Each structure stands twice: as C-alpha cells, then as structure tokens.
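Over in TrEMBL, the protein carries these features:
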ACT_SITE  B:Cys168  active site, glycyl thioester intermediate
BINDING   B:19-24, B:Asp43, B:51-54, B:Lys67, B:112-117  ATP binding site
BINDING   B:Cys153, B:Cys156, B:Cys427, B:Cys430  Zn(2+) binding site
COMPBIAS  B:551-566  compositional bias 'Polar residues'
COMPBIAS  B:580-592  compositional bias 'Basic and acidic residues'
COMPBIAS  B:601-614  compositional bias 'Acidic residues'
DOMAIN    B:7-428  domain 'THIF-type NAD/FAD binding fold'
DOMAIN    B:438-529  domain 'Ubiquitin/SUMO-activating enzyme ubiquitin-like'
REGION    B:551-623  region 'Disordered'
Amino acid sequence: MGGAGAEEELTAQETALYDRQIRVWGVDAQKRLSKAHVLVCGVNGTTIEFCKNIVLAGVGSLSLMDDHIVTQDDLNANFLIPPDESIYGGRSRAEVCCESLKDFNPMVRVAVAKGDPSLIDGEFLDRFDIIVVSCRPLKTKLFINDNCRKRSKHIAFYSIECKDSCGEIFADLQNHSYVQKMPGKEPEQQELTYPSLQEAISVPWKSLPKKTTKLYFAMRVLESFESSEGRNPGETSLSDLPAVLARRKEMCDRMSLNESQIPTVLLERLLAAGKKEHPPVCAILGGILGQEVIKSISCKGDPMKNFFYFDTADGKGVMEDVPPTPAD
Amino acid sequence: MASAASEEAVKAAKVLMVGAGGIGCELLKTLALTGFSDIHLIDLDTIEVSNLNRQFLFRKSHVGQSKAHVARDAVLKFRPKINISSYHANVKDAQFNVDFFKQFNVVLNGLDNLDARRHVNRLCLAAEVPLVESGTTGFLGQVTVHVKGKTECYECQPKPVPKSYPVCTITSTPSKFVHCIVWAKDLLFAKLFGDKNQDNDLNVHSKDGSSSKSDVFERDVDEDLDQYARRIYDHVFGYNIEVALDNEETWKNRRRPTPVYIRDTLPEETVQQNGTSRECNNGHEEPSAMASLGFRNPQEIWTLADNSRVFLETLKLFFEKRQKEIGNLIFDKDDQLAVELVTSAANIRAHSFGIPLHSLFEAKGVAGNIVHAVATTNAMIAGLIVIEAVKVLQGDYKNYRMTYCLEHAKRKMLLMPVEPFEPNESCYVCSETPLLLDVNTKTTKLREVIDKIIKSKLGMNLPLVMIGSTLVFEDGDGLEEDEAANYALNLEKVLAELPAPVINGTKLTVEDFQQELSCSINIKHREEFDEEKEPDGMVLSGWSAPVEKQVTSNGGKLAASSSSAHDTVGDASANPGTKRKLDEVLESKENCDASSSAQVIEDDDDTIMLDEDPTLLKKKRSQ
Ligand SMILES: [Zn+2]
C-alpha cells in the first residue's frame, strides 16, 4: 500500500477517537495539532474551558502554570476542582487541574510548569508554540508577549479575560500564513501581520472606527487603572468607580474621544465583576479561544485578528482589528 | 449576570434537558456551574468511542453505558449538592407526557434528530413550557428560543429531511459517489446479509433464464467460498452492468458504464493466493479485511485492484466469522467489516461509472450520515443556551435572542444574535389552521394516509383519526380487542368506504394525545397524480414542507445518503429549518478539505441549511 510513511499516519486509536473532528478539519490539521505544545499561565474557569477543548481536540502537550494555592473562590467556575478540601487543600491550581485534565484524553501530555510567569525567559518559551495568559498584570502580559516576539521560533501569544458577563481575547500571531478557503473560490495562501499587545493597546483612539466596540475602550481604562494601582486584573470593586471615572476622563481628553463612548454603566459592570466569571461566558470565551488556537496551529481558516469581545448584555461576539488593517 | 434576581431565578428553577450528547455534556456542566440545582436529564443513547473527543464527561471505561447516568455522576463530582435526575430513556416514551413536562420552568434541547425535536416542541407547546433549542455542525451552530404565543415554535418553519434519491438513479444511473454508497449499503449489503424477505431493488437477473438457482446470491452449502465471492463480484459488477448496457435508451445521453470482472481486476491472483493471511485474524479481534490484507490507512484511496481484494475478503470474512448474523444484518457505521464491504463495493461501482473513488474514511462518513462535530462549538452553544434560559426564567422576553455561531465573521460577528420571529399564523402545530390533503378517496387506503401523512409528515406518534364524531382509528395500548380489530379493518379500507365515508370536502380530525396536538385536514378528491413529483399519490398543503438536507463531508462535498436513520452522534443537525440559504455559512463547509488527494465531487446542491439567514433578518419580529 502506498501513502506516506507509517509514522506520519494517525494511529487507529487516534482515527477512532478523533473521527468526528477529522471530518471537520482534516487529517493534516489533526497531525499538526498532535505536535503542538501549549502553555497556559493563569488557571481559572475561562482558561480551564480552553484547556478542556484543546485536550479533547488532541493537542500534543499542555502545560499549566499557576502556583496559587486553591481557595474556595476557585471552585465557582472551575469544574476541575472537586469541592473537597482533602483533595485540593494546600495544592496549587495548576496541580489540581492538571490531574483532572489528564483523564480527558490519555493521548495528550498534561503537565504542571512551576514558576512565575513574570519571570519566564525566552528559552523556556521556545518549548511552546502557543502561550495563553490570563489574570496576570498588564506588565506581565507585555513582558511575555515581547519575549515571544524576540524568539526566532514562531510562538503565538493570547491573552484572555472574563469579567463576569463580559470577556476579551487578544491574539498576536506575529506573521501568520494560512490557507484561506472562501466559498466558491480556490484555496488561497494568505499572510497576516499582527501588532504586538503594546501596539494594539496604544493606538490613538481617534484613529479607530466609530463602531469600535465600547468594551475595547472600557477594558483599556480598567487596565490602565489596575496597572497604575499595581493590581492584578479583577482586583477591583464598585468603590473604585470615582477613580476609574477620572481615569476615563483623562484618557478620553488625551485621545479626543467622547466620554459617552465608554458608558459609566459598563465601567460599573466591569468593576463590580471583580474576579467573578459567569460560567456560560467562560464556555463561550474558552470555545472561541480553542477554535482560534486550532486555526493557528493548523494554519487553516481565517484566524481572529486581533481582539474578540463577548457581552451577554447584547449577546454579540465581535472581532475588532486594532489598529485596523489598511485596506489595499 | 450577577444580579440577585437572576441568581434567585436560577436557584429556584427546575429544568429539563433532553440529550446528553455533545451539546448535552457541555450544557449539564455549564448549568451546574451557573447554579442550577434541579436538573432532569433524558437520553436514550449509550456511550461510544467516537463520542469521547467532545463529550468530555465520558471516559473510555464508560463505553456502552447510559449517557444520562454517566453524565449525571460526572457532574455530581464537582457539584455534589445539586439534584440531577437522569433517565436512560426515549423522550417519546409515554412516561414523559404533558404532565411530566408541566413541572419544568424551561426545557433545553441538545438533540440530534428532527423526530425527537418535533416531539419535544409539541409537548412544550401543550404544557406551555418555554423551549430553548440548539444544534451544531462543525463550526456552525445555533440557539433558538420558543415560547408559546411570543415567538415562533420549532415547527413554524420548514425543517430539512434527509435527502432521498430516485430508485433508478441508484439501481441504474449513478452519477455521484453517494449514489454508489446507497447502492452498496441499501441494496447490495441488504441483499447479501439482510433479511431475505425484505423488498430489494437490486437486479438479480440470473445469467440464463433457465438457471436452477432461483437466487444468485444464495451460496450452495458445498460452494467454495472463494468461488462464491468471485461469482458475486462478477455478477454485480460485471454481468449486471452488461444487462443494463443492453438498454440502449438509457445511455443515449449518458456515459456508458464499463463492466468489471474479477479476471480483469485481479488477473494474477489465483483463488488460493488471495486472503492467505486470513488465518492470523483469529477470534480476538473484530474481523476486518483491512487488517487481514495489511491495509492500515483509512484515509487512503484504494486502487480498483485493492478495492476488489477488500471486497472478496469482506465477503469471505462474513461467511467465515459471522455466519450466524447473515440474514438479519442491518448496516451499521460502527461495524468495520460492513463499512469495508460498502466502501469497496461502492468504489468498484464508481469505477464502472467513471465516478472518482473515495477512501474508507470518507465512504464511512457518507454511508453513516456522520455529523461533523467539535467540542468548541458545542461548548459555546451550551453557554448560549444557558444565557437564554436565564432570560426565559426571568420572563425577560424583550431580550430573547436566537444566536448563530458562524465560521466566517459577518459584520465582525462570530456570534450573531437576532430577535426571534413571531409565530407563523399558518403553522399546523402552534396555530389552528386546517391542512388540505389532495387524495384519491376511491383508491387510497386509510393506512396510507396514516403512514405517509399523519405519521411521517405530521410527525405524530400515536395518532387518532376522527371523521365528524366517528372514530375510525386509534393507536396505542389499552384498546379493547374488538375495537382494535375494527380499527385494523378500517386501515385496509379505502377512504370512501370507511364507516363514515371520506369524500371531497370531508374534514378529518387528527389527534395525538401524547403530544396533545390536534389538527384538521380538509380532503380534496383528486384522481390524477404525477408519479415523479407526487410519489405518495397524495399532496398535503398548508404546512411547511420539509426541505432536503444535505450533510457535507470532509473529503469534498458529499451528500448525505438517504434511507438510514439520523446519525446519533449527539450534536448533529445544524438545527435545521430553512427559509433561506445562509450562503456564507453553508459554503464554509468547503473549508474542511480532505486529507491526501481526495477527489472532490462537485455537488451543485450541496448545502447545510440553518433556520434563518441572519443577513435577511429584520423581517417580522416578535413584539
Ligand atoms: Zn409553529
């Protein structure tokens, strides 16, 4: 029998397990997936949804980095932690979740990566193809994103945050080439160039299209507030509102945006959310991110560029391209 | 969503989930995390290996067990204090009647087939319980909300039914690979291994009219197995094609097929050489021609010679290893040997007719109507279901949305919410509009009306038929013997000769007590029907006729095959329905291209239908 060498083929076990999804994305994508290595910094209800999705999909390996000891609060949106202190007590989020994730798919290596995300160096990053960061201060995200960009190896960077009923995903695929298949057209090779996180959040607001989702601006105000106060994402409450409104005014003045573009009610919602995650929103964000990572690894399908927003208030799941790619 | 009101509503709610498959697993998890604490879950299925890539509550060790029970146990591990009642049962069972439905605040569907969806829709309407419906196919999905009197019901719009093909296309003039698959599965496989008493359209001409053998497919007790396999091969791929070629009329405007004989495809192989390795296939493993021939890659497209080897080998293996099952086998997509036989036979036939060959993987998808499914879409759809359920519980009807999950963003949106439609005033399910049936009352039996119209088109389970105040038919248990006998007699009578004659202008009342659905059918007598266009000899109007559904396969665009029941994958059926095509969404299926060098069949009418085209919305909104 002809065909490629045996080692290139999926095993019968893989073919049986992945049958339904191979029918969606093809064998080549499945093979690429099985060779990809993913690092998740920050274990919470949202990233756990993502982890579940890519472990089921059959990614090569998944490493979890989060040394925080599990507390009662972690149980709210996380289905991998049993509510039994004798199981989770004294152990890190990464450890407890790693154990449960292994069960999901024996063909995927799931491991704990000990360490502090704000200190990880370039060589460590080279072990991965995909880095996902959640619930870490902006400065850590910028640091990791910057390091990814400095490596000669292509490492895609994602940030994901759930604020109760709202959520944001950011993607930096640097230079990404992929096969695009549009209805009724021949497959075409496409090239996309992504801005870094730093570039994407420092775009002058005036230059953005009017229809840009309000969540983009609101998240920048919140992020700026948290950074200047030295807080982690979500370490906020409604009592921060006056300071946040002042921050909004300052930023809007500086970038000539009407303050009404960032409604006070929206800021209130984000502040009140704190670290709370609404499980349906976790599922939606984790699903979108899972899909995006699969697209990125397989180099198939239009990837999201470069922000995604979901808000239960209007039910929309929107992409924003910031700064907008110039039409050619 | 942390409003105290919504948290209270969630905590107090009693919800029914139907389906514990792809969407169901995700939904049960998300409901539990969100704070729902009284959940009832119905699913008929047991767990299969191909579920495990997305139905994450299940493990390999659970294969064969009830989905509902295993899902319940898995979720109780992280939410031990909530109440989950699981039923390993069919939602159409009598225990799940209107009273059962009435105890719930909302019903959430994660179903995989039209039949059950329609049934649940009717029970929800009758019990006046809001329904949140859902469906996914690959990266596409949708969630819809159905609240009696406020939004359209699930059946207000036409729903797709599996595509069927004219018999002559299958028996004589296939032009697409799917036709060859249907032939191999529904005719050849059924003829060889199925119930011999079933009608079968496979050509069974004997070589000479005088042959002593009444059925060429019979194997004589002493006939050598290799000889038999070769004889069948030559008969179905060689002789039958020769016979068909004699009919010049057929080939006037068509490419003439080539007969295929074993002496040409495998000239060098003697009877003895073929299949010598079979001996190593002993007992422990499921018999497989691929295994005994050393073929490993199901993605590979076999040559004509290899297909022929597989065909002979599968036939022999069936007789050697599975003799006992012969005579009552039904094609099953999870039966490896059956898939091998159907793949090889379809490919040999495809070769005859100049149709590109396909891999076993692709052929299995077509033969099994396999629905494409990934975990991510199911997870998102489940999240959206919960978001709608919370609104429904609060009666926040101004904010009800149906949401589409798209593969290519539209107006920047990957998740596109749309206001629900208002009820269709002429919907036979949720309004009282009568239907109209054109039928020849002098030749059509009551049985035909019940089977072809009332059960199959109107989707009733246990119908009752009344003409004026005369009951002419009733189904179900608990009938007196004489009643039952009487109804059985009526079934075989033509309409005009029933105890209360049905003629032009008669009004029939049809009811299903379980579904609490009642509708009227006005009869119009008509003598002539177009055999091609009106094959039932009856035409029902005033309802939304189903639209043929096609499921694309990964390896290019392959239509779903006919006959077999819906796949029970669990997620399925981009919750069908169709007013308009969702072009962009549909053709996104092309994105999934095949492995290797699969040759794409151009299928002009290859589409997946969704309920609505979100680009054409703004039509008639509710409220
Ligand atoms: Zn209706």
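Cβ atoms are placed via backbone N, Cα and C, with glycine included.
No curator has checked TrEMBL annotations; they are predicted automatically.
Put simply, B:Gly19 is the one of the recorded positions B:Gly19, B:Asp43, B:Cys168 whose Cα lies nearest to the Cα of B:Cys427 (Zn(2+) binding site). In the vicinity of ligand 1, defined as a Cβ distance under 6 Å, the following of the recorded positions B:Gly19, B:Asp115, B:Cys153, B:Cys156, B:Cys168, B:Cys427 are placed: B:Cys153, B:Cys156, B:Cys427. Separation of the C-alpha atoms of B:Gly19 (ATP binding site) and B:Cys430 (Zn(2+) binding site): 23 Å, rounded to the nearest whole number. B:Gly22 (ATP binding site) is surrounded by 30 other CB atoms, counting those within 10 A of its CB over all protein chains shown.
Using the Cβ center of B:Cys153, B:Cys156, B:Cys427, B:Cys430 for Zn(2+), the list of other same-chain residues with Cβ within 8 Å runs, in sequence order, B:Leu125, B:Glu152, B:Tyr154, B:Glu155, B:Pro423, B:Asn424, B:Val429, B:Ser431. Confidence for the domain 'Ubiquitin/SUMO-activating enzyme ubiquitin-like' (B:438-529), expressed as mean pLDDT, is 89. The DSSP breakdown of the domain 'Ubiquitin/SUMO-activating enzyme ubiquitin-like' (B:438-529) into helical (H, G, I), extended (E, B) and coil residues amounts to 24 helix, 29 strand, 39 coil.
Closest in space to B:Asp43 (ATP binding site), of the recorded positions given as B:Cys153, B:Cys156, B:Cys168, B:Cys430, is B:Cys153, taking the CA atom of each residue. Minimal Cβ crowding within 10 Å, among the recorded positions B:Cys153, B:Cys156, B:Cys168, B:Cys427, B:Cys430, is found at B:Cys168. Cβ packing within 10 Å was compared across the binding-site residues B:Asp43, B:Asp115, and the lowest neighbour count falls to B:Asp115. B:Asp115 (ATP binding site) and B:Cys156 (Zn(2+) binding site) are 15 Å apart (CA-CA, integer value). B:Asp112 (ATP binding site) sits 18 Å from B:Cys153 (Zn(2+) binding site), counting Cα to Cα. Under 8 Å, Cβ to Cβ, and six or more positions away along its own chain, B:Asn53 (ATP binding site) finds B:Val374, B:Ala375. Between the CA atoms of the residue listed as 'active site, glycyl thioester intermediate' and B:Cys153 (Zn(2+) binding site) there is a gap of 38 Å.
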